[in-house]
Amino acid sequence: MPGSNCTQATGFSLMGFTEDRATHVTLFLLFLLTYLVTILGNLGMITLIRASPLLHSPMYYFLGNLAFVNLCTSTIITPRMLVGVLLGKKGITYAGCMAQVFTCGLFVVTECFLLAVMAYDRYVAICHPLLYPLAMSPERCSRLLASSYLLGLANGMAQTIGMSSLSFCSSSTIDLFFCDISLLISLSTSDTTLSLVILRTSSSLFGVPSMLVVLVSFVAIISTILSISSAEGRHKAFSTCASHLTAVSTFYGALIFMYLIPRSDTSRAGDKWAAVLYTVVTPMMNPLIYSLRNQEVK
């Protein structure tokens, strides 16, 4: 409820992980190493895909854009988190917080649809190989990619508009290492109906359909693979899809835990580590998974 003695916030305090200074050094080194691997892995993947004619195919076209999105997601979150862990600077301005809300909303939803498009690509390649050149033509790939970015942009704008109508007390503290929209809504001192409607609607419109595309695609893929008589053929097909399935499971699992499982504000202890999975770990994992398990990339 709004309070008469509440001063409108011009910034927020990010709690991070722990108050133990000794632990801060370990966390800083761990996250710094993770970020460096993320930068090198994703930049390397983008460079390799652009430079190698062997990788000029729809699958790698989408993979290169996934690497770009992972690079952006990690850069939005991790450097600010490293400064907070190392120097103990917890403050973030209101404008900086809204920028994180917008960019996270943009790139997280874009990644959801990129993963769905990549699952569809694998479905066509394995289940309908003769139709693949037509179904995944350059024009259609460009439209699918543009749609992913436009849907991400729509989500980022909607979340930011919803947040701009909220009021916060100057003492607002976010119990996380970045400005997560669900926690911001719970901290607001004004009516949060519009923001909650936007959050639930975007989760339903953007998250659920992309997950269903992935689920249906992989059910069809597994069914087709099991019908292959050759053991070598089954192994090759499973190997092609295993990397994508690993990345998808980690990313969507963390998002489902964060945004689609109803729970009270007092039962959010696992939110920090779920957020680490989809903002820090997944951007690092994707280039490693796709390079280590992919003969063409090797």
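Backbone N, Cα and C define each Cβ position, glycine as well.
The model shown is predicted, which means the values in this text are computed figures rather than measured ones.
Taken straight from TrEMBL:
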DOMAIN    41-290  domain 'G-protein coupled receptors family 1 profile'
TRANSMEM  25-48  transmembrane segment
TRANSMEM  60-78  transmembrane segment
TRANSMEM  98-120  transmembrane segment
TRANSMEM  141-161  transmembrane segment
TRANSMEM  211-231  transmembrane segment
TRANSMEM  237-261  transmembrane segment
TRANSMEM  273-292  transmembrane segment
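If you average pLDDT over the domain 'G-protein coupled receptors family 1 profile' (41-290) in this model, you get 85. Here the transmembrane segment (60-78) does not lie next to the transmembrane segment (211-231) in space: the count of CB pairs under 8 Å, restricted to residues six or more apart, is fewer than 3.
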